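Listed in TrEMBL:
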| type | residues | note |
| --- | --- | --- |
| DOMAIN | 20-268 | domain 'NADP-dependent oxidoreductase' |
| ACT_SITE | Tyr51 | active site, proton donor |
| SITE | Lys76 | site 'Lowers pKa of active site Tyr' |
| BINDING | His109 | substrate binding site |
Amino acid sequence: MILDETITLNSGVKIPKFALGTWMIDDDQVAEAVRNAIKLGYRHIDTAQAYGNERGVGEGVRTAGIDRDKIFVTSKVAAEHKDYDVTKKSIDETLEKMGLDYIDMMIIHSPQPWKEVNQSDNRYLEGNLAAWWAMEDAVNEGKIRTIGVSNFEKADLENIIKNSDTVPAVDQVLAHIGHTPFNLLSFTHEHDIAVEAYSPVAHGAALDNPVIEKMAKKYNVSVPQLCIRYDWQLGMIVLPKTANPEHMKENAEIDFEISEADMDLLRRVKSLDYGDFDVFPVYGGKM
């Protein structure tokens, strides 16, 4: 079963390859979404300090009716935290909000504060190292099992690799048909860094693409299923977001194989139009 599949990270920690993303799910609704996902077999839940729903995610995990060690929980240090003490304090606050004794994985959400993404050349190399060292110490203290990054490019990753004792376990990035970071995938593979794909359906932009629609019909699957399977076949951990139990179930039903010829075709799909979501930095916009 797809939801049962795991990989072992470079830290030795096992991580489920299929996760529930919780971005833009309200704190008062996310606990039920998490419980529904876990009931369906999900064992990996992804949140972030910036999502404003850590409390609800923690509640969902605690009240799901299965042992805590059976659920992999990821959260992210806010992109603005580029200081050791601030980062360390924020990790403690995450644990308190979630009501958990430990977080399975903590990630630096972005190499730059969100307001500077796509606007500044400052990569905050020293600040990212300070945050990283705080996360390393949190691992040593038993608060976190493993650590990673998000939205990091090659230079950002090299900074961490060269100046710390720990290679990031993952890099969580925007990756979908029409936007696949192939050069980054090659670099992470060389350094045994797993890649997590958020927004595998391009925040809905893939739904109206004629090439993707036609391909989905060929395989008798939905557009989201095709998109998720594409990232899956490229070896990425996938994090589709939904609060709808029917969509959770459908998203995980990707037990089919896209032919290599069709994968090549999908690799060449041009950039997708994100519509109103262009304002978000991760989709190329400015805040």
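All positions are counted from 1 along the displayed chain.
Every residue gets a Cβ built from N, Cα and C, even glycine.
Sequence-distant contacts (6 or more apart, same chain, Cβ under 8 Å) of His109 (substrate binding site) comprise Ala48, Gln49, Ala50, Lys76, Val77, Ala78, Ala79, Ser150, Asn151.
According to DSSP, the residue listed as 'substrate binding site' sits in a coil region rather than a helix or strand. Applying an 8 A CB threshold to same-chain residues 6+ apart, the list for Tyr51 (active site, proton donor) reads Thr22, Trp23, Met24, Ile25.
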